[in-house]
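One structure is given below, encoded as structure tokens.
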Amino acid sequence: MKLEYLQELNTQQKQAVYEEYPRICVIAGPGCGKTKTLVSRVIYLLSSQKAQPQNILVLTFAKKAIKEIKKRVFSYVTMVSPKDLHIYNFHSFCFHVLNKHSHLLGFPESKFPVYGRYEQEVIIRKILLQNNYNTEKGEINTILAAISGWKNGKLSTDPLQFDELTKKRYEIYQKYEEYLKTNKALDFNDLLLYTITLFNYHPQVRKEYQEQFTHILLDEFQDINSIQWEVIKLILSAKQNVFLVGDPNQAIYGFQGATPQLIASFTQDKE
């Protein structure tokens, strides 16, 4: 690591960057340099050769954050090829995993389609039209939110608890799932759920990632939800080093089910 970069860190940041303890959780408020500390940790691991680039996994949330972390790292570390360092958000990481092992889940060996928000809206609108249902934008948004809740276990799928409107929306959800299955496609929720399935039913794949990633670093950990945390837990082992940065009072992805309380349970899961 270049000396001038070290000089920009305060005492607490330097302590976190150099810490040898295998489970580190850096908690700080906004503007305190949490991401900078994480980036410094990556640079330190590479520059000191405590880890090879292919053995480091960095996870964040926004695509913009991925670009920013890469830009910062490679402005100080020039001896590493960008393609060797694994920096993802959760969806891109899960896509990477599933694309490599798609045959184990019955998907085509070539890249399978992943439907984003626009494609989801088109599919739902098409299904609604076919069934003479309300196709207003607000209703489509409500159905997609419900689909996410049903898939992630946040909403009950017990038909005895449904009112008439929820029952209709659940029928739309079932038709939506049939559409995905027919087209051998996934949505963003599926990327995480199928990765969990892959790791649970194919322990050799899980072991592959446990052995590859000796260092796992998570940015903005307060925004993680229980499904994303399950993905992480499945590739954790006692031998790995985990470095988290976050602010439990600053969750910005709460609408996706983020649970900042997971920070409190971090040291209880894999000691």
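Count begins at 1; order follows the chain as displayed.
Cβ atoms are placed via backbone N, Cα and C, with glycine included.
Annotations in TrEMBL come from automatic prediction, not curation.
There are 9 other Cβ atoms within 10 Å of the Cβ belonging to G29 (ATP binding site). Sequence annotations record features per position, and here TrEMBL assigns ATP binding site to A28, G29, P30, G31, C32, G33, K34, T35.
Feature annotation from TrEMBL assigns domain 'UvrD-like helicase ATP-binding' to 7-271. For the domain 'UvrD-like helicase ATP-binding' (7-271), the model gives a mean pLDDT of 88.
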ATP site shell beyond A28, G29, P30, G31, C32, G33, K34, T35, criterion: Cβ within 8 Å of Cβ centroid:
D247
Is it possible to get the count of other C-beta atoms within 10 angstroms of the C-beta of G33 (ATP binding site)?
18
